[in-house]
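The following features are taken from TrEMBL:
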- 486-501: compositional bias 'Gly residues' (COMPBIAS)
- 269-408: domain 'FAD-binding FR-type' (DOMAIN)
- 485-506: region 'Disordered' (REGION)
- 25-43: transmembrane segment (TRANSMEM)
- 99-118: transmembrane segment (TRANSMEM)
- 167-185: transmembrane segment (TRANSMEM)
- 197-216: transmembrane segment (TRANSMEM)
- 228-248: transmembrane segment (TRANSMEM)
Amino acid sequence: MNWPYQFLDLSQAEKQARRQSLDRYALYAHLSALIPIGLVWLYQTLNKSSSSRKRDYTAVPSSDSFNTRKQSNWWSKLRWWLGEDVVAFGEVLGQREQWIGGIVWAVWLLVLCVAGTGRDYMHLTKRFGIIAVSQYPMQYMLTLKSFNPVSWTLKLSHEETNRWHRVLARCTAFLLSLHTIFYYNYFIQNHILLQKLQSPVVIYGMLSFFGLNLMITTAIRPLRNRSYRVFFVTHLLIALVLPVVLWFHAASSRKYMLEALGVFLVDIGFRKRDTITVETTISAIPGTSLIKIQVPVSRQRQNHFLRVAPGAHVYVNVPPATRSAFRRKDVKAAHDASEILFEFMFNPFTIAHVDQDSGALTLVARQRAGPMTAALARFASSSSPSSPAEEKKALLNIEGPYGAAKNFPALSLGSEFDRVLFIAGGVGATFTIPLYRAIVAENPETKVEMVWAVRTAGEATWAVIENDAGDILNDPNVHIYLTGNNGSGSSGQKGGEGAGLSSGIDSGENSPLVNLGGEAGAVAVEMDALRRTADGRVVSGKEHHRSRPDLKKVVDEAFGHGPEERVAILVCGPTKMGQQVRRQVGRYVRQGREVWFHNEGFGF
């Protein structure tokens, strides 16, 4: 088949007709991304009721959440299959639904690029560009944290909408690459390349394409994992500059760039509104790599946080007035790159506890290799020799709260499901424990259990709330597994479903375990640490597991109380933990069991 497109010499009227066609098909592409969301919103508005609100979250499934309630068996199995990971060379490349959805959307956009272009090569070339740019408002919207109509309507978390942002970004990058390649081919074929390279319009286009490729390069998983801060700063700066550059590159793109930049700036305004600067108490949890931040909340803001659903999170940033206290002592301020990085450090921390009397928040985080947690740990450990356990105070910016947990049916599982199981790894319990406490408080008769794997006993002490009669460490339905002895407990797992779990929780952290007289001495130290806080107060008198949890056995026990039981499972922990639990739950989904499953994985 011969190539149908040619370089045509068009009259002014034909060029005007081409311009109208370009604008029309760009509008089709733009609206095709927005109209489905608008229809869902309209449906929810017209059918607004308490029962429909409970089903909102399950009505729009994601790769991380699954509900078989009131669905046919084949549909449940298909949806579970769509949520499976796509793995190549040991790397997870997203979920099947993302690949299928991305391919379908890319084909649709390609159809809009080709339709009605006839034999006009330049019409096709321009169509690639304008169709791609028409997707930018939606692409920006999917990344927003506060002002996110997609998240509000579909009841999705930021991480879930961000996954689809990445899918749409690949589609638009593909179209813009075709746009660039086709234009350069035109320049070369007509021997005007050097002339066009001096044109401001082409220069702006080259800058846009360079910025786009820089964003894509820094977003590649290995590079993003190596330096998330580089990825974040690059994305933020280019996201602000790109609409301005495209504004000068093509006049036809301006309405879409205004829309994209508009929602981006509105989101920043909402986030500034929801940010408070407050003096916090920062302390290191002894014997661990954990940091606890206690945030007093003013009376005017207390209701804002007391109304938040369990499992919500906030973003923490160090304000300029406090940065000198967090600066490394061995580096002069003028040469300290972290001084600039502080401007771009907005780390998410789950709200582990909200004091119902004072409204004060408790945040718990593990020290990582990143600059924020390293700075917090450095500040918390910089106490005087005479008072090594001294709590340090510092101003921090607290933004939020955020999170889609308020849409979980898990908050009303006492009536929705017969049994609830929470599985947490390390600091993942900051997400599951508030949900566990909320369900137990609202539905005391609910059959709810929690499995919590921690490296050392000290990492569980943050969960003890002073003057709390329902101490979670003494709760018979909370099963704590201490994995710091390399999993050499009674289970003897060396490659089963619990294998590798400890390393996933540790994330490279050094074990603070003190070995006194071999394994038995080490375990004794672990158990004593769990029983007593720093001041010696007894916090737990029950025995806990000295091994990694057998996740297959845990899941089997949850489903082992009769095929008629409806089971809800929520897991929050390292990636491997979520994958293992999902694999085990999948056996029961394929058997036709009624299941609600959510994986609140942490990581990139």
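In case you wondered, yes, glycine gets a Cβ from its N, Cα and C as well.
Of the ranges 99-118, 167-185, 228-248, the one with the most Cβ pairs under 8 Å to the transmembrane segment (197-216) is 228-248. Contact counts against the transmembrane segment (167-185), taken as Cβ pairs under 8 Å, peak for 99-118 among the stretches 25-43, 99-118, 228-248. For the domain 'FAD-binding FR-type' (269-408), the model's average pLDDT works out to 79.
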